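Structure first, then comments.
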Amino acid sequence: MAQFFKAKPNSSKQLSAKQSFSVQQLDHLGAGIAQHQGKVVFIPGALPNETVQAQLTEQKKNYARAKLIKVETPSTERVSPLCPHYHTCGGCDLQHMSLTAQREHKSAALVDIMAKFAGAEGSLAPALSGEGWHYRRRARLATLFDKNTKQLSLGFRASSSSHVVSITECLVLAKPLSDLIAPFAKLLNQLAAKSSLGHLELIAADNGHFAVIRITKSLNDKDMAKLAQFAEQHQIHICLQDNEGEFHGVNGTLLLPVYQLLDDKTDVQPVSLTFTPGNFVQVNAQINKAMVAQALDWLAPQPGERILDLFCGMGNFSLPLARMGADVIGVEGVPEMVSQARENAVANGLSNLTFYHGDLSADLSSEPWMGKIDKLLLDPARAGAYESLQWLKKMKPRQVVYVSCNPASLARDSAVLLERGYKLQKLGLIDMFPQTHHIEAMALFELAK
């Protein structure tokens, strides 16, 4: 029998068709989840209990993705985004959801991920939460020079794109810094070297406001004078970062930003953290203080106890732990941050604190700090602390506090702790980035008796 050609369904038509979807829940990235022809469909911008009109943009074997076109039946938790740049800027992705609902979703997602991938269940601590707007004390804005218009754009990159979205304000950035965006855009466009400028970093510290401008070639005297005048007019410290990574104050002196780590309400002597622009620091001052206070409460450091702080950075947790009287060892993989941490220990008058540089993904058996400890604090990057946890038997801490910026790696590493005889005692959300899907958490593990 002759076999005739049978045309395949036109996939482009399938992808371009607008369809109605009923959204059941959110995934951990904040996208709405619906079902369509036996597949899970992810729809960014959609909320649970909504009926939406969306357009399929990607078809895979077991799932699909769609672009939200219209909300037909809105959720009671849907709110109007406050930011005029929300739908183009890639910075925030949950402004369409009430702040209360955001936090409920994040807490539920955290518990779900821990239960599903680690089989871990512990007492859920109250979420660490604060202001929903103007909470960022630091931001890096991208620049883009248009060779045709000879204009420099200042803003954030669009989601999953290198395109720079020009902005005039940022509602999650500290108000004094947000108010500087438009004036800075005007200033930078007046410079002769505007085609040679990189990013602009804005910092609100406890000792003033700072701006760091990345340059690819030296600025002439007129440009330097304009920057110095702007700095004086707006009461901001401006420094330039050259191709070698060195920083130079526009007025000839370089002042470093300083943050306070302990809440003013504590009875403990203050602890300050001095850092160089470019070093990693937590961007939410209110939540960082609450996070440090909670870590101190959960670990309850005592004089004479040996506490190890892995991935310690410049001492965000190490310094307060030492202030409480414990003998603290901090280990960090970035040499410059170790040097800054040591300087911070001296500046705070702490002699019961030692910092080491080390690769925490390598063999740690011969490290001078490796050995029996009383308690362990982990604050790794998104990749987690899996390799470091392989040395638990040698360290034998009674308690482990794990601070995580990625619930997936936290769940994976929690499974290691459970296998080593630890029990999850407490788990809590850290809402470091309101208006975004990002989930941070703190977990307390104790060695079973």
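Cβ from N, Cα, C; glycine included.
Here the structure is a predicted model, which means the values were calculated and not measured.
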Which of Glu332, Glu343 belongs with Gln282, Phe311, Asn316, Asp359, Asp379 in the S-adenosyl-L-methionine site listed by Swiss-Prot: Glu332
Given Swiss-Prot lists Cys83, Cys89, Cys92 for [4Fe-4S] cluster, the same-site residue among Cys170, Cys239: Cys170
Cys89 ([4Fe-4S] cluster binding site), number of other Cβ atoms within 10 Å: 20
Gln282 (S-adenosyl-L-methionine binding site) and Cys170 ([4Fe-4S] cluster binding site), Cα-Cα, nearest whole angstrom: 18
Subset of binding-site residues (Cys89, Cys92, Gln282, Asn316, Asp359, Asp379) lying within 10 A of Cys405 (active site, nucleophile), CA to CA, in sequence order: Asp379
Intrachain C-beta neighbours of Asp359 (S-adenosyl-L-methionine binding site), sequence separation six or more, cut-off 8 angstroms: Gly333
